[in-house]
Amino acid sequence: MMRVLIVTAVFTFFLVLTSSGHDEDNEQRNILEGMFLDRAIETPKGLEEKRACGILHDNCVYVPAQNPCCRGLQCRYGKCLVQVGR
């Protein structure tokens, strides 16, 4: 509940700053946008993190002696698929 109130207050403050048309205010708005807007929009944790290996049906490029797919999977037909014989 407290998090919602903080996000609402920051968003309201951001709207007040963006409503004015002065050049100095535009500079302040750009700074605040970089600081607060990213925090107000929540994304699932780790969404943008790159995985070390491909999961089932991820795209992959086959390179001999390297397996870009996670354990138990292999790169076939440009996708990470279950290993043959499993």
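Here the Cβ of each residue, glycine as well, is placed from N, Cα and C on the backbone.
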Inset, instruction - Check Swiss-Prot and name the cysteine among C53, C60 that pairs with C75 in a disulfide. - result: C60
Inset, instruction - Name the cysteine that pairs with C53 in a disulphide bond per Swiss-Prot, restricting the answer to C70, C80. - result: C70
Inset, instruction - Tally every other Cβ atom lying within 10 Å of the Cβ atom of C75 (disulfide bond). - result: 19
Inset, instruction - Within 10 Å of C70 (disulfide bond) by C-alpha distance: pick out those among the recorded positions C60, C80, V84, and say none if nothing qualifies. - result: C80
Legend entry - Cα separation, C80 (disulfide bond) to C60 (disulfide bond) (Å, whole number): 6
Inset, instruction - Quick one: of C60, C70, which of the disulfide-bonded residues has the smallest count of other CB atoms within 10 A? - result: C70
Inset, instruction - Provide, as an integer number of angstrom, the distance between the C-alpha atoms of C80 (disulfide bond) and C53 (disulfide bond). - result: 10
